[in-house]
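Asks: Have a look at this one before I ask anything.
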Amino acid sequence: MATARPPWMWVLCALITALLLGVTEHVLANNDVSCDHPSNTVPSGSNQDLGAGAGEDARSDDSSSRIINGSDCDMHTQPWQAALLLRPNQLYCGAVLVHPQWLLTAAHCRKKVFRVRLGHYSLSPVYESGQQMFQGVKSIPHPGYSHPGHSNDLMLIKLNRRIRPTKDVRPINVSSHCPSAGTKCLVSGWGTTKSPQVHFPKVLQCLNISVLSQKRCEDAYPRQIDDTMFCAGDKAGRDSCQGDSGGPVVCNGSLQGLVSWGDYPCARPNRPGVYTNLCKFTKWIQETIQANS
């Protein structure tokens, strides 16, 4: 677990690094960032202390992916959405329930010890009647995951027990069909709602985005895109970002992608979010769950 530092230190770190580099940096959904070790890839896991109060500036030790210019999700509409927590109430990544005892998240969200919260709408630690709490007992990143290249950015997490299916907690199917340009999708998460400032929402945020052609994706990020990724966004500057990493991209009722990485600051014109392309991994997901159940 990374050591918590004052929030101003991380803001100052990000600003100084940006000035020194003189270029726009890429944001990952959750690697720890340190001023002692500047990197061209800025992590975007949230590590927000939920006890600090929803909507306040981050009390975190790294950056995190978030929903920029989204809106409050309707309650009970994202029952597969999970929060990965460090300590009692520190959000660091999103995840998706894909099986009664298994989650998918981004491989760069891997931690040794963490808790999982499902069925919760607010970012606050206050108990909600639909919530279910779990321990993550096994994390299995894809064997082809590479950092900082971000290829194959997915990981399976086994829960310590099966979920109790309710209106607030249920799995979603992973799509076996790859998305086409123009497909309308929805991304959700509790990540920061401003960039480069850090400001966390009170409740789960949702955003409608459109899948872009692979050419537009490659043009936006030359020599950084492969077929394990796809880009999505819109012209109005709406995007996922820090704190949303590992969260779901749902298209036509199925799980199509996971929040992976993107530009920093987020929600910049012609710099879309980049998502793990799950249609390429359905066999690995099924076989891994079967082999470890």
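These residue numbers are counts, starting from 1, taken along the chain as shown.
Heads up, the Cβ atoms here are built off N, Cα and C, so glycines get one too.
On a predicted model such as this, the values are computed, not experimentally measured, just so you know.
For reference, Swiss-Prot lists these features for the protein:
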COMPBIAS  37-49  compositional bias 'Polar residues'
DISULFID  CYS73-CYS206  disulfide bond
DISULFID  CYS93-CYS109  disulfide bond
DISULFID  CYS178-CYS279  disulfide bond
DISULFID  CYS185-CYS251  disulfide bond
DISULFID  CYS217-CYS231  disulfide bond
DISULFID  CYS241-CYS266  disulfide bond
CARBOHYD  ASN69  N-linked glycosylation site
CARBOHYD  ASN173  N-linked glycosylation site
CARBOHYD  ASN208  N-linked glycosylation site
CARBOHYD  ASN252  N-linked glycosylation site
REGION    37-68  region 'Disordered'
Asks: Which one is it: of the recorded positions CYS73, CYS93, ASN173, CYS178, whose Cα lies the shortest distance from the Cα of ASN208 (N-linked glycosylation site)?
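Replies: Checking each of CYS73, CYS93, ASN173, CYS178 against ASN208 (N-linked glycosylation site), the shortest Cα distance is to CYS73.
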Asks: Rank the disulfide-bonded residues CYS178, CYS206 by the number of other Cβ atoms within 10 Å of each Cβ, and give the residue at the low end.
Replies: CYS178
Asks: Specify the nearest of the recorded positions CYS73, ASN173, CYS185, CYS251 to CYS93 (disulfide bond), where nearness means the distance between Cα atoms.
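Replies: Sorting the recorded positions by distance from CYS93 (disulfide bond), the top entry is CYS73.
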Asks: Under 8 Å Cβ to Cβ from CYS217 (disulfide bond), same chain, six or more residues apart: give me those in sequence order, or none if nothing qualifies.
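Replies: CYS217 (disulfide bond) has long-range Cβ partners ILE225, MET229, PHE230, CYS231, PRO272, VAL274.
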Asks: Where the distance is taken from Cα to Cα, which of the recorded positions CYS73, CYS109, ASN173, ASN252, CYS279 turns out closest to CYS185 (disulfide bond)?
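Replies: If we rank CYS73, CYS109, ASN173, ASN252, CYS279 by Cα distance to CYS185 (disulfide bond), first place goes to ASN252.
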Asks: Which whole-number value in Å describes the distance between the Cα atoms of ASN173 (N-linked glycosylation site) and CYS109 (disulfide bond)?
Replies: 21
Asks: Measuring Cα to Cα, how far is ASN252 (N-linked glycosylation site) from CYS73 (disulfide bond) in Å?
Replies: 17
Asks: In whole Å, how far does the CA atom of CYS178 (disulfide bond) lie from that of CYS109 (disulfide bond)?
Replies: 24
Asks: Out of CYS73, CYS109, CYS206, CYS251, point to the one nearest CYS279 (disulfide bond) in space (Cα versus Cα); all of them are disulfide-bonded residues in the record.
Replies: CYS251
Asks: Of the disulfide-bonded residues CYS73, CYS206, CYS251, which one sits closest to CYS109 (disulfide bond) when you measure Cα to Cα?
Replies: CYS206
Asks: Look up CYS178 (disulfide bond) in the DSSP assignment and reduce it to helix, strand or coil.
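Replies: DSSP assigns CYS178 (disulfide bond) to coil.
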Asks: Expressed to the nearest Å, what is the distance separating CYS206 (disulfide bond) and CYS251 (disulfide bond) at their Cα atoms?
Replies: 13
Asks: Here are the disulfide-bonded residues: CYS231, CYS251, CYS279. Which has the lowest count of other Cβ atoms within 10 Å?
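Replies: Taking CYS231, CYS251, CYS279 as the disulfide-bonded residues, the minimal 10 Å Cβ count falls on CYS279.
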